[in-house]
Each structure stands twice: as C-alpha cells, then as structure tokens.
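*Asks:* For reference, Swiss-Prot lists these features for the protein:
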type: DOMAIN; residues: 31-414; note: domain 'Helicase ATP-binding'
type: BINDING; residues: G44, A45, T46, G47, T48, G49, K50, T51; note: ATP binding site
type: MOTIF; residues: 97-120; note: motif 'Beta-hairpin'
type: DOMAIN; residues: 435-601; note: domain 'Helicase C-terminal'
type: DOMAIN; residues: 629-664; note: domain 'UVR'
Amino acid sequence: MIERETSNTFHLASKYEPAGDQPAAIAELVDGVKGGEKAQILLGATGTGKTFTISNVIQEVNKPTLVIAHNKTLAGQLYGEFKEFFPDNAVEYFVSYYDYYQPEAYVPSSDTYIEKDSSINDEIDKLRHSATSSLLERNDVIVVASVSCIFGLGDPREYSQQVVSLRVGMEMDRNELLKSLVDIQFERNDIDFQRGRFRVRGDVVEIFPASRDEHALRVEFFGDEIDRIREVDALTGEIVGETEHVAIFPATHFVTNEEHMEHAISQIQEELEARLKVLRSENKLLEAQRLEQRTNYDIEMMREMGYTSGIENYSRHMDGRQEGEPPYTLLDFFPDDFLLVIDESHVTMPQIRGMYNGDRARKQMLVDYGFRLPSALDNRPLRLEEFEQHVNQIVYVSATPGPYEMEQTETVVQQIIRPTGLLDPEVEIRPIMGQIDDLVGEIHERIEKDQRVFVTTLTKKMAEDLTDYFKELGLKVKYLHSDIKTLERTEIIRDLRLGEFDILIGINLLREGIDVPEVSLIAILDADKEGFLRSERSLVQTMGRAARNAEGKVIMYADKITDSMQRAMDETARRRAIQEAYNEEHGIEPKTIIKEIRDLISISKTADKDETVVQLDKSYKDLSRQEKADLLMKLEREMKDAAKALDFETAATLRDTILELKAAK
C-alpha cells in the first residue's frame, strides 16, 4: 500500500489574466466549491474561454479533478490545453484504449456467435496506467476522460496493495522480486523489452513500468540487498537518472493476489454449478455444455496464469462484490473530496445516462444462451444514479445546458463577455411569404460590403434547388451537406472566405462548426418547423456563427414564433444586452475577428475546437508527380505524429485528406 502525497498544489502557468466576466465567474464557482455546493453550471457563450475559467477554479480550490468530455477528440484537445496550463502538475488522459473494438455478442436469429475482437492502442493503455498511478501517488492531478471512465475497472484497493515498493538498501532476494513482478502480471522477456515486461541479467533486473513509454528501471542487487535503482533509456540503455525509491504498479488494472484468486475461482465454480442446474432443468443442454466448457477453460487459465481473456466478466467475484453492486471505475481511484467537471454537459450527460441499457441488452443475450455466467452482467458501466452517488462536487459546462443539469442546481454562473468585445447577433423575424426575394435583397447589401452569408434550410433538396435558383440570378453561391467529402468541404469554406463566392447554403451548418468571421448574415429558412434542426439549442448554436462579425445579424423566416424560437431569441437578446452594457462601461468597440486566410485543408467539428490545419503551397492538381508523392509522404508522417500525440482529430483529418488526394490522382 502506498501513501498519497497531499502537499502538492496546482500552479496555473499562463500569460493571460482573467478578463471580461471571467474573474466574476471564477470567484463565484470557487465560492460555491469552497462553500460545499454540490452542483453548479458554468453557462458560457462560445469563445468566452471556459477552459481557462475552469483552470483558474482548479488552481483556487486545489482539488484532484476529473474532466469528462463526450468523445476522444474533445478529450484530447482538453488534455492538451490543461497540459499547457498546468506544466508542473499531473495532467492525465483516460479514454477507451481500443483502436478497434467488436464486443462479444450472440445473434439468436442466425445462431451467430461473434467473438470479442479488439485492437489495443499501446500509447493510450500507458496513459490510462499513468492516470491511475498518479491518482494513488499524489493530490495535484487532473484527469481528462471520455465517458468510458464509468465502465468497470479493477478494485483500486487491490491495485494499490499490489504495488511493489523498492528502496535502496532494502533487503530483498532477487528471485523474490521476480515472483512479485509476475504476481502483478509483468511478463519476463529478456529479448523483446516492452511496457509491462522485465528482463534479468545476473544481479541486475530491468523493469519497464506499464505507465511509461521511454524510461525503464534498472534495479541492481548486491547479495540480498538493493544496491542501486537507476532510470535508463529503454531503447539505448543509457542512464538518465538515479532514485532512492520507486513504486511499481500492476501491469493490468484487473489484478488480485493468490488468496483472493482462489476464493474468486471457488465462487465462480459455485455459480457455474447453480447455473448449469437451471439450464438443464429448462432442457437447454447445448447452452449448459457450452457454458461448462467455456467457464472451466477460463478457470484453468486463471489458476495457471493468474489471468484469462475476458477476465473482466468475472470481476464481480474478483472484487468480492454482491450481485447488482456497482463496479469499481476510475471514479473510485479519486479521493472522496474531488471535483468533477462535465464538458459540453448537454451532450455528455445523455451519454452517461444511456450507457447502461445498451450494454445490458447485449450481455443478457450471452447469458441466456450459455456463453457467459449471469455474473457477467455486473461487468458494466455505472447507472446514472450510481454515477450521481460518486459525485462529490460537480460543475456542468455548456453554452446550452440541458434539462437534466438545470434540475440539479439553481446555481448558474454566466460567462457571456468575449475578450474581443463581440456581441451576440441581432435577431429579426420575417414572414415566410416572399422569403427568398427578401433574402436576395439582404444578400446584395452584404455583397456590397464584401461580407458573406450563411443560409440554412431543412432539406438537402431545398438546399440544391435554392442554390440553382441563386445561380440563375447571377449570385455566386455553393451549398454544403454531409455527402461532400472533407477535402471538398474545406476548400468550399476557404473559397467563401476568399470571396470566390458569397453565399453558403447548408442544412445543419452548426454541426460543421464553421468559423468564418466574414459572415455577417445568417438566414434561417422555415424557422418555425419544430424539430432537431430548429430546437432551442440548435438555433442558439446556429446564431452563434454570426458572432464573429461586428455587424452580425440573424434573420429567421417564420409565420409563427415557436417556443424554441422564443427561448433562443430571448437567450441571445439577454446575452447581447449584457455584452453591450459591459462594452459601454469599459469603452470597448466590438471588432470583427481578423483571421488569416491560408491555402489550406482544415476541419473543425465544433465551434469551440481549434482548426486542424495542413498547409499546402499550391493547388494539388497543379503539383508534379514527384511533388504529389512527397506531399503524401509528408501527410502520412504528420498523421502518425498526430496519432502518437493523441490529436485524433488531426490524425483523422489527415487520413481522410490522404485518401481523397490518392483518389484524385
């Protein structure tokens, strides 16, 4: 068992000082946390620096913090930002370590059993181990995670009790160390030295911890005493440092000692016998035979190796839990007094709420047909109510908080002011009758000012027809939809900014996260047709596209004002009034964002995310054959570097770009 270091404090390193209403938001959130408030909401408009605000809160309250994002890409970006803000503290990354994952499943209609198949990303596995070991060693830890953090993980008490602690001068037999390493799932391999392995050379044992990627440990013995512990480069063997003490954490999160393993196996056998009786009494002889054969094989592997593929399905017995008890998760590795931040909570909370039911349905089929014991159902994600029980104090972060968050707290901390002084756009409603002719007049006004226009429609057909009609009128227009490939989409956006055309028509432009400061008008056609594309949140997000321009304006064409429209307009007007008052008080003149236009291939999936950029000196079709080959090699290198750096959005963009460029040859 190791002791957690609690004296470390968070230190925020930034050249920026809180500005606008950031200081007030920080102070209110900090007071809430220190005052013991269970839940708070940070309602921050796009572009107001919500991550910087949360970083200041973390520094002030000085609590271990878990930040949950709704996908790996966003988690990776937040991880990068927090690493920059807290270079001296432990900023960790915890997401699903599968590059590819096909869960175990059974389809009764075709009698098809699908075996679990997966590809584990070694780099992410290392980072997961780094996260759990940091949480057990120190207090100044920020873990950025995806929703996968609510899935079952090993017992943190067992995990910490299995830590092998080594000190210089400690009496220990070399073979005793080797046995201890094997017990915590390290593998001996004197040739292929990788994470989770060790090798032996006389009185020297070299250990490659699961949480590291470059430096291994060299433990030198003198008789039955540890004489020296050094850090070495795992590839070259070069000595990079020396230490007096080191803690070696298990190579897997599902680890248990021999005594617990035997007890777990006896419980598995008891459950197997009881389940076989049930299946045979129901005349399910095939299912009984299948279950007996599979389970006995797993038991034999656990006895001989201490591990088996799919051991997580027996986690209830390994952890000593009762039927129905929640599994251990990453949240159990945190001390009781931790801070939880839910980013983009209006998307993340529904994900957390829905995880359990989908997992349960698949596993129930495996149990019913004899592929797994009923205890496999307890290898699962947390239910929402179980997740809530783990929460000490929580901050929901969103520009458009969902109903769940609003039910949890009345404390809504607003962050409306942008550092640029830009306002939320003016919103106007006009009748649907004659909407196109009216829009054409507005477009001409914008073209005279060298500004651009977004038009959102409800259907792809309408977008195409409107594009054709505008072209007949001599307007320069293009349309954007999901069928357009990444490369073509980004070229369209670039051409819009360059003024090669003036109007971009789309169906769900907010999903593209388009950031074009030149856009001063957004026209929302058929705004009164209730649905996902015209919900309050979608409308607020769409209106936000015009908040990059000092003359930003939104026109909604509608014959009636729906509840969603009214709420979206009220919220936008409320924010605009706050921003105007602040600007007047501080003498700030809103200025359109000046953003360099490059010849580039880029994609930005949400408004708050940075653009992913690949620079091209000239159009691809104008390159020579050798230049094309060189470019593709360069992009492939950048793709691999981005993946290694966990910048998955960049890597995915580069992958798509490479495929499209190859197809364009």
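Quick reminder: no glycine exception, Cβ is built from N, Cα and C everywhere.
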*Asks:* Determine the mean pLDDT over the domain 'Helicase C-terminal' (435-601), rounding to the nearest whole number.
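*Replies:* Taking every residue in the domain 'Helicase C-terminal' (435-601) and averaging pLDDT yields 84.
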*Asks:* Provide the three-state secondary structure of A45 (ATP binding site) computed with DSSP.
*Replies:* coil
*Asks:* For the domain 'UVR' (629-664), jot down how many residues DSSP puts in helix, in strand and in coil.
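*Replies:* DSSP composition of the domain 'UVR' (629-664): 32 helix, 0 strand, 4 coil.
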*Asks:* Have a look around T46 (ATP binding site) and count the other CB atoms within 10 A of its CB, chains all included.
*Replies:* 20
*Asks:* For a quick check of packing: other C-beta atoms within 10 Å of the C-beta of G44 (ATP binding site), how many?
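*Replies:* Result for G44 (ATP binding site): 24 other Cβ atoms within 10 Å.
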*Asks:* Please report the number of other Cβ atoms within 10 Å of the Cβ of T51 (ATP binding site).
*Replies:* 18
